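Noted in TrEMBL for the protein shown:
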type	residues	note
TRANSMEM	93-114	transmembrane segment
TRANSMEM	126-149	transmembrane segment
TRANSMEM	169-188	transmembrane segment
TRANSMEM	226-249	transmembrane segment
TRANSMEM	278-295	transmembrane segment
TRANSMEM	315-332	transmembrane segment
TRANSMEM	344-361	transmembrane segment
TRANSMEM	367-389	transmembrane segment
TRANSMEM	409-433	transmembrane segment
TRANSMEM	453-477	transmembrane segment
């Protein structure tokens, strides 16, 4: 009994760091706007660039890769400046998130605008996609680091992360559903439908060579207008989420730091981060897994449209994936609490056999079943890294007990590596379509293009997930070591507070 009393933290401290449901909800809603906008871009930007803007797959790959790279490069830069920020009336992280929001929504809107000129379209989309990626990074780095400043209690942080992931998946669902429903008519081609019913050789030639709709030079064409309408709707949702987040979340000053702690220099902290074994294994594992998920997202609409004859169902399949992911987040939260986080990671592999089945047997009923199972796996891949990263930060804190300010370094560098890997993956996939002869606007792509889409949906993600999960086997933080770290940090804080009280008492006595 006595030992249990020593191990349990004092009840007032539990109350001090307990988060209300309202606080968790408002914090979680803050992560949804970026996911709403990011989801629309992930599922539809590639097909928009190819079939609406009519830029070549090579140029589309440049836009996707350089845009992602610009966001990735912004991560360590943002981490550096945020780590140098001073405390203000609304916090240290909150000003960054609020300041970048107006510029983010403007860049997002123009990213979907079809300019009337043709020659400079690549530069136009490259500029605004790079701006969008960089500005969302300036929001995402302080927002993700804010998890560490909500509470020092690991259960409360995990609970807040589960709320956040649920809302982010819902945000992904809202973005994809809104975009899919609004722009679906832009990808319906009556020309192709008419030609499919004709079997003559001359019509067969036109089936392959004729564009599915005319070059949309006019920004007021139907295809361009529906994409701009979708962008306007998503901008409104984005702003609403940020307002709720700002009004409902109160940032606390660093609850981890002891009064004797010194801020760690950014460059030194980055070097220490790259040498921290648990962080390296976690990052390498999930950058491979996140690349696999991103490849699935970015090529899914193209696959349904050109390789599986499911172009009338792609928006409903996307919604199925995201609904499945959203409703399964609480399920995965229970799994990781009961069986541990490494064990829950096995659920990411569920999508592999079903994705291979969809590629080999493109049946409609099977497609919906695959979409449902893929949603379960995507939910696990989204929840686990953000639930495991705070444990890595705590482990680092225990090994460096008198340093502070390293949280943003961990989060910014993690996002940097993830974005770089997904950017490279997207660039290679778009370049692969260029190499195999993808032609924007034609009704039926060549067999080489169809094979490439099948490989990008089935084989490549499967290999990346398998390798990523293999690396995760060597991740050293178990449930037992996590609990030991938690107790050690609590003892460190209690001992430090006791020393402070003795010092204050001694000073009072001297006076």
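Any Cβ shown, glycine's included, is placed from N, Cα and C.
Counting Cβ pairs closer than 8 Å to the transmembrane segment (169-188), the top stretch among 93-114, 344-361, 367-389 is 367-389. A contact between the transmembrane segment (367-389) and the transmembrane segment (315-332) is present, since 3 or more of their C-beta pairs, 6 or more residues apart, lie under 8 Å. With Cβ pairs under 8 Å as the measure, the transmembrane segment (453-477) is packed most heavily against 278-295, out of 126-149, 278-295, 344-361, 409-433. Beyond the ends of the transmembrane segment (409-433), by six or more residues, the same chain brings 46, 50, 57-58, 60-62, 64-69, 71-73, 75-76, 78-79, 82-83, 133, 137, 140-141, 144-145, 264, 266, 269-270, 273-274, 279, 283, 286-288, 290-291, 294-295, 298-299, 302, 385, 389, 392-393, 396, 449, 452-453, 456, 460 to within a C-beta distance below 8 angstroms of the stretch.
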